[in-house]
Amino acid sequence: MALRRPMVAGNWKMNGSAALAQELFKKFAVKLQNDSAEVVLCPPTIYLESVRQLLEANKEALNGCLVRMGAQNLSQHDFGAYTGEISGQMLKDSGCRYVIVGHSERRRMYGETSDIVAEKFAAAQKHGLTPILCVGESGPAREARRTFEVIAEELDVVIEKNGTMAFDNAIIAYEPLWAVGTGKSATPEQAQEVHAFIRRRLSEVSPFIGENVRILYGGSVTPSNAADLFAQPDVDGGLIGGASLNSTEFLTLCSIAMSA
């Protein structure tokens, strides 16, 4: 069985501040005791430099603990007249290691199709970033028992453009749309069922990728439900929204992941 290092990725969305970053790093130095889990901070773009400086300044205090930086989005284009966009190379230059692609809010609010998501996935890897690919079904799709169908479609578009082996350098995040920002989380059994399906889907083409790819759960993860979610055999941590804005809650989630 593969040894997949758990990950806790905090997606601040359009929230947070430089002060929150400072508060988190003060607690990281005390609370993070080992490298058994990887912690990723995905602040708004304007705060990437603040987080980068804090990573550098606290390198010794972190004592080998794996704290990384990620972005919430990138353009599928390398450069050009795309006002307000940011390229993969720019994110790489800023110190990012990861970037979220295909988040449900971007798909829903900004019309990002699966084809665009596949292009962004490719752009991330082209510039040395590891994409965190989000997939998930809506409430009506779940009620219609179309969960696997929807997720297979979202995965297959990315696979068709990039190949299965591209997932050797990628993270997948299952985020049921009916749980994102609603306070209603999938049960551990529901999460495990979907994560196992994703792993099987990839294993059909590459058993190595299926066994080794990390799959996070995202959707109203809190300190009260994280232990049961993270204990599932195919759940490798969480993509955290609201709880990532509370330093105490976020550190608790990191500790749970480290002991999962």
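Keep in mind that glycine also has a Cβ here, set from the backbone N, Cα and C atoms.
S220 is the only one of S36, S203, S220, S224 that Swiss-Prot places in the substrate site (with N11, W12, K13, G181, G241, G242). The least crowded of the recorded positions N11, W12, K13, H103, G241, judged by other CB atoms within 10 A of its own CB, is K13. Residues N11, W12, K13, G181, S220, G241, G242 make up the record's substrate site, and a Cβ search at 8 Å around their centroid adds N15, V180, I240, A243, S244, L245 from the same chain. Separation of the C-alpha atoms of H103 (active site, electrophile) and E175 (active site, proton acceptor): 8 Å, rounded to the nearest whole number.
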